[in-house]
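Report on the structure given below.
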Amino acid sequence: MRVVVIGAGVIGLSTALCIHELYHSALQPLDMTIYADRFTPLTNTDVAAGLWQPYLSDPSNPQEADWSRQTFNHLLSHIHSPSAEKMGLALISGYNLFRKAVPDPSWKDTVLGFRKLTLRELDMFPGYSYGWFNTSLILDGRSYLQWLTKRLTERGVKLFQRKVESFDEVAGGGVDVIVNCTGVWASALQPDPLLQPGRGQIIKVDAPWVKHFIITHDPESGIYKSPYIIPGVFNGTVGGIFKRGDYPEGNASENHSCCQTGCSGPHWRTKDARIVGEWTGFRPVRPQIRLGREQLSAGPSKTEVIHNYGHGGYGLTIHWGCALEAAKLFGKILEEKKSSRMPPSHL
């Protein structure tokens with residue numbers, strides 16, 4: 001069976017690996033190819049802050065909460081393994097801060113040691129009157145993509161740098177299944193009015209003295225628009241920019257100033273941090289993740305397409321659960337193909 005995965009960010013590579021791990025023994029051979037116009041270190045995943053934390057509000061699709069939980073448990077199972085260092089995986093603790101009381105998040109029992117902040121702790125953060133503390137996971141995107149790539153190539157999966165302009169150009173080569181993990185660019189392959197780019201700009205800093213993540217929340221501003229700093233495995237990430245429908249890739253000076261000013265208070269402790277770099281990326285924003293299948297006609301034959309995109313700014317948080325779901329869809333395709341080849345019963 002021939003399978004093509006389009007996209008080489010965390011969604012594309014993890015989905016490819018999950019499908020290959022679950023079905024390579026049942027399909028001999030399983031010929032899998034990954035096409036992408038950008039590979040690590042040039043993907044959005046490479047510069048993501050990497051903290052496992054879903055949105056505070058419940059997702060409109062309840063399955064998304066399950067996919068995030070599955071991802072946390074999958075990563076946590078690796079935390080004491082020899083692979084953790086190569087994956088760029090570590091435990092991290094920190095604070096979510098608010099100006100007024102808010103309901104507990106649905107993921108409070110997924111993370112470790114979730115609790116409300118004490119008054120003494122809140123004294124460390126002037127201007128904030130409510131908050132949480134918990135231990136979560138941090139995943140360095142670049143290290144993780146390299147780890148996934150190595151596992152895929154060891155399995156014989158082929159990776160090619162190629163910009164796919166349409167499903168037809170891939171399906172025409174005798175491909176049985178296409179897995180669409182193109183993120184914010186999915187509309188170029190098939191129009192999707194629900195998909196929008198959510199432009200973000202972050203600053204990477206060398207601040208080894210910052211040991212805990214600090215994420216502030218302002219419901220009036222919306223998600224991603226409040227200051228945050230997230231220590232990483234190698235460098236910290238300073239941010240707080242989100243512009244929906246904005247495509248320019250260059251760094252904007254006003255956004256740089258916004259990030260720096262927002263994280264300039266005494267509790268941020270980033271004033272003297274050395275700036276390592278600054279990046280702009282696009283979150284594939286959609287009301288719900290598109291994770292489903294459809295059939296496309298390519299001449300006389302039909303090609304199955306599994307869509308897996310629209311993860312917003314939390315692809316690393318939800319990737320493995322989505323990969324498992326995509327693999328289930330792949331399994332259903334196999335069952336249907338097997339049934340269609342069975343001779344009819346004469347009973």
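Backbone N, Cα and C define each Cβ position, glycine as well.
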Additional site residue, G292, G310, G313 [criterion: listed by Swiss-Prot with Q53, R283 for D-dopa]: G313
Residue numbers, six or more beyond the limits of the region 'Required for protein stability' (1-16), whose CB comes under 8 Å of its CB atoms: 27, 29-36, 38-40, 43-45, 141, 144-145, 148-149, 152, 157, 159, 164, 170, 173-183, 189, 308-309, 311, 315-316, 319-320, 322-323, 326-327, 330, 334
CB within-chain contacts under 8 A for I11 (FAD binding site), separation at least 6: C181, G183, N308, Y309, H311, G315, H319, C322, A323
For Q53 (D-dopa binding site), the number of other Cβ atoms found within 10 Å of its own Cβ: 23
Separation of alpha carbons, G313 (D-dopa binding site) and G50 (FAD binding site) (Å): 10
Largest separation between Cα atoms (Å) of residues that the record links to D-dopa, namely Q53, R283, G313: 15
Close binding-site residues near Q53 (D-dopa binding site), where close means Cα within 10 Å, chosen from A8, T43, V164, Y228, G312, L316: L316
Number of Cβ atoms other than its own within 10 Å, given for G50 (FAD binding site): 25
